[in-house]
Structures are given as C-alpha cells and as structure tokens.
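If you check TrEMBL, you get these features:
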DOMAIN    40-214  domain 'MENTAL'
TRANSMEM  44-68  transmembrane segment
TRANSMEM  89-110  transmembrane segment
TRANSMEM  116-137  transmembrane segment
TRANSMEM  149-166  transmembrane segment
DOMAIN    263-451  domain 'START'
Amino acid sequence: MFRSASTLSPIAAGPGSINTVSSDFLLANHLPGMQINGRMSAVRRFFCLFVTFDFLFTSLFWAICILIESGGEYHALVDEIIQYNIKTSFFDIVMVAASRFTILLLFYALLHINHWWMVAITTALSCAFFIVKSLLYKWKSKSSQPFEVTLLLLSFFISWIEAWFVDFRVLPQEGRAMRVLEATNCDQTESDPLLPRLERVRDYLSHYTETIGDFYSPMESPIGSDDEDEYNIPNAQKKLSPEERELQTTAGEALQKSLEVLSSPGWKLEKESSHGDTIYSKVGPRRTKIYKLHSVVDVDPSILFDELTHRIENMPAWNKALTMAKVVQRVDNNTDVVHQIAAEGPSGMVTARDFVTVRRWKKSEDCWVSASVSVTLKDEPPQKSIVRGENGPGCWVIRAIEGSGKKCSFQWLLDTDLKGWIPQYVLDQTLSHAMTDFMSCLRAHVLTIKAASASAAAAPSSHRRYAR
C-alpha cells in the first residue's frame with residue numbers, strides 16, 4: 001500500500017545513476033538495436049519472445065487438433081507421444097518447434113551470437129523435415145485434415161519468419177546501433193550527462209540518417225528538387241519500375257551507411273602527402289580494409305561537387321586512373337547508375353578493373369555528399385576481358401570552410417574489393433597511391449577550371465576595349 005523511500009526518491013540510489021538509466025532507455029527508443037547495460041537489445045528480445053511463441057503456439061495447436069480428432073479424449077494426447085510414428089503422429093511437429101526453441105534461445109539469448117548461420121540451419125532442417133513429413137504421413141479422416149494441414153503450413157511459415165527476422169531486423173539494427181554509438185562517442189559511463197548523450201545521437205541521426213522517404217521516396221519530390229533538374233526528369237511524374245525502386249533503396253542505404261562509417265572511430269593513419277592529404281585505414285563492416293582521405297581543395301565547394309557528380313563522364317579527361325566513365329541509367333534527380341573502367345595500377349601490378357555502381361547525392365546547408373555502392377545491372381554484365389571489382393558503400397563529402405574564401409574540405413571513403421588474388425601489401429600500396437594520385441589530378445583540374453573561368457571573365461572586358 002505504501003511505497004518505500006527509495007521508490008519515491010530514485011535519486012537516493014546514488015549520484016548519476018538515474019541519469020545513466022534514463023539515458024540508456026531513452027537512447028534505446030532511438031536505437032532499437034542498442035544493448036542497455038549489457039542486456040540484450042529490444043529487437044533481439046522480441047525475436048526470443050517470438051521463438052517462445054512459436055513453441056507454445058505449435059504445442060497448443062497440436063493439442064487442439066488431437067482433441068478434435070479423438071472427440072475430447074485426453075488419453076489420445078498420451079498415445080500420440082508414446083506410440084509415436086512419423087506416418088501416424090503429428091507430435092514430431094511439436095518436437096521440431098521445441099528443438100528450434102532450445103537451439104535459438106541458446107545461441108541468440110545466452111551465447112548472444114551475431115550471425116545468421118544458426119537460424120539458417122534450424123530453418124533449413126525444419127523445412128526439410130516438413131517436406132518429408134508431408135510425403136510420409138498417412139492423412140486420416142477428412143474432418144481432421146484441415147487442422148493438420150494448417151499446423152504443418154504454419155510451422156513451415158513461422159520457421160521462415162524467424163530466419164527473416166534475424167537477418168533483416170536483429171543483426172542490421174544491432175549493427176547500426178553500435179555504429180551510431182561509436183560515431184557519437186556515447187560511452188556507457190555514469191559520468192556521461194543525460195542531455196549531451198541524447199543530443200549527440202539525435203543530431204547524428206537527424207543529420208546523417210533522415211527518414212527513408214527523404215532519401216529515396218519515389219512518389220514524392222526528392223531532396224534537392226528545388227535545384228535545377230540536371231537530368232530534366234519532371235519531379236514526381238516519372239513512374240519508377242521495381243528495379244529502379246530497388247536502386248533507389250540501395251543508393252539511399254549506401255549514403256546512410258557510408259556516412260556512419262566515415263564518422264566512426266578507430267581509424268589509423270596510413271599515409272600523409274606533401275599537399276597535406278591524410279589517408280587513414282581500418283577494418284570495415286565487410287571485414288576488409290577500408291580507407292578514408294582528408295584533404296583541402298582550393299575551389300568553391302559547389303564547383304567541386306558539380307565536377308565530381310554531374311560531370312562524371314568528363315572525369316577520364318583529367319583523372320588518369322580512369323579510362324571510361326559513363327552514366328548507363330538515370331533513376332531520378334539524385335540517383336543514377338555509372339559504369340567506370342579503372343586503368344591498371346603502377347607497374348602493371350594490378351590489371352584494369354571495371355565497376356558498376358549506383359550513386360546518390362544530396363546537399364544539406366554547406367555540405368555536399370555523393371555516395372555509391374556496386375550493383376548488378378542486367379544491361380551491364382561482366383566482361384570476359386576485364387575483371388569486375390566490387391565497391392562497398394563509399395562517399396565523397398565536401399564542406400565549405402568558413403573564413404577561407406573559396407576553399408573546401410574534401411573527405412573520401414573508399415571501400416573496394418578489386419577481386420582476384422592480390423597480396424595485401426600490394427593492395428595497400430595500390431589503393432593509397434590511387435587516392436593521392438587522384439588528388440593530384442583533381443588539383444591540376446581545378447587549376448584548369450580557374451584558368452578557364454579567368455579567361456571567360458576577361459574576354460568581355462577585352463572586347464569592350466577593342467570596341468572603343
């Protein structure tokens with residue numbers, strides 16, 4: 001009837017404890033995959049509850065089926081268990097559910113594994129057994145058949161839901177929560193104030209991971225639709241095919257993931273050039289080495305973004321690392337598919353590669369972002385004469401530098417798999433050299449642009465002097 005003093009006044013539990021607990025639970029509202037104080041995440045807990053529901057539901061459904069068939073005789077349940085036979089008894093469906101329940105809770109609740117292989121095994125074995133069961137079972141009276149068929153089909157369906165939920169909900173959301181917390185430095189410490197922690201996560205999510213509709217909603221005006229439509233595609237009027245919608249989704253996810261990786265901690269200095277370009281590396285989400293370049297370019301950020309994004313087909317003219325760049329499909333105002341052929345590496349150590357990537361670009365205040373990731377396009381199949389590489393989520397981020405005139409900061413995230421057998425030390429030298437070489441070509445191209453702009457600006461004044 002009466003509450004204890006500690007319940008009425010949670011502050012009595014110790015300084016900072018209420019902030020820590022509240023912060024954890026409030027952050028979990030933003031990140032369903034977040035683990036609170038070492039406990040399992042909300043999305044993993046839901047999966048464990050669903051597995052428990054699977055076992056209890058299957059057991060109840062089986063009992064109801066037997067009771068209906070036997071006219072309410074409870075001894076029929078015992079007979080189904082004691083006199084079990086795969087051709088006459090449905091008790092094995094319950095045992096399959098019990099096996100999934102035991103194995104999945106052991107590995108995903110107690111051992112807390114972060115891989116889909118175990119649920120894939122349980123689903124595959126369950127489905128194989130269900131198929132064999134349907135072929136061997138001697139179907140009985142017509143009155144009970146609908147219930148038995150329904151139990152078998154529901155068990156088959158539920159086992160696939162479990163596999164889908166782990167692979168498309170549990171693991172992605174927990175991985176995303178980990179990346180966001182690392183990127184915002186939200187360490188689980190009692191000294192971390194409540195509001196700063198929440199504000200860092202909220203700012204990060206609002207800045208880099210807007211709603212899915214903002215990234216690639218095909219039926220609404222895309223981000224940046226107020227700008228000039230460089231592809232002359234009327235906004236919200238082009239009906240997208242399922243393949244184009246999938247490309248939009250893939251590109252939007254690549255933009256989101258690349259920004260998360262770019263701002264995550266754990267980068268180690270790999271190389272520093274004489275121009276001040278710094279290259280960092282770390283092991284990426286695909287367990288391969290990825291690279292990040294930081295640089296400053298003496299040009300207006302909008303001009304640089306336009307050259308790298310909207311004039312990509314002109315890039316081989318000034319970037320010696322490319323021999324061909326072509327836009328092969330235009331999806332919407334901010335998304336397209338590009339086919340590029342990279343020249344062979346220094347001394348021919350790495351032969352030429354080609355890449356087919358979907359790109360997505362976006363402008364937010366004084367920041368320009370262009371992200372890309374490899375895709376499979378039926379109109380651009382791999383060629384026998386050249387090895388096709390694969391790019392993970394990568395991006396260019398261009399920001400204006402306040403008080404520096406026309407200069408801008410340039411960041412490049414590179415996650416590429418050149419395929420073929422290439423020693424890691426050769427790969428490190430090739431990719432780091434390619435990044436610094438690209439910056440040299442870019443700076444030379446910027447000087448050409450400035451010279452052309454200066455000539456264009458001087459031409460009218462010279463014409464006026466000649467007229468006088």
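Backbone N, Cα and C atoms are what each Cβ position is placed from, and that goes for glycine too.
Residues 33, 74, 76-77, 80, 90-91, 93-94, 97-98, 100-101, 104-105, 108-109, 112, 143-144, 147-148, 150-151, 154-155, 158-159, 161-162, 165-166, 169-170, 174 of the same chain lie 6+ residues outside the transmembrane segment (44-68) yet bring a C-beta within less than 8 angstroms of a C-beta in it. Counting only same-chain residues 6+ beyond the ends of the transmembrane segment (89-110), those with a CB under 8 A from a CB of the stretch are 40, 44, 47-48, 51-52, 54-55, 58-59, 62, 65-66, 80-81, 83, 118-119, 122, 126, 129-130, 133, 137, 148, 151-152, 155, 159, 162, 166, 170. Note on the domain 'MENTAL' (40-214): mean pLDDT across this stretch is 81.
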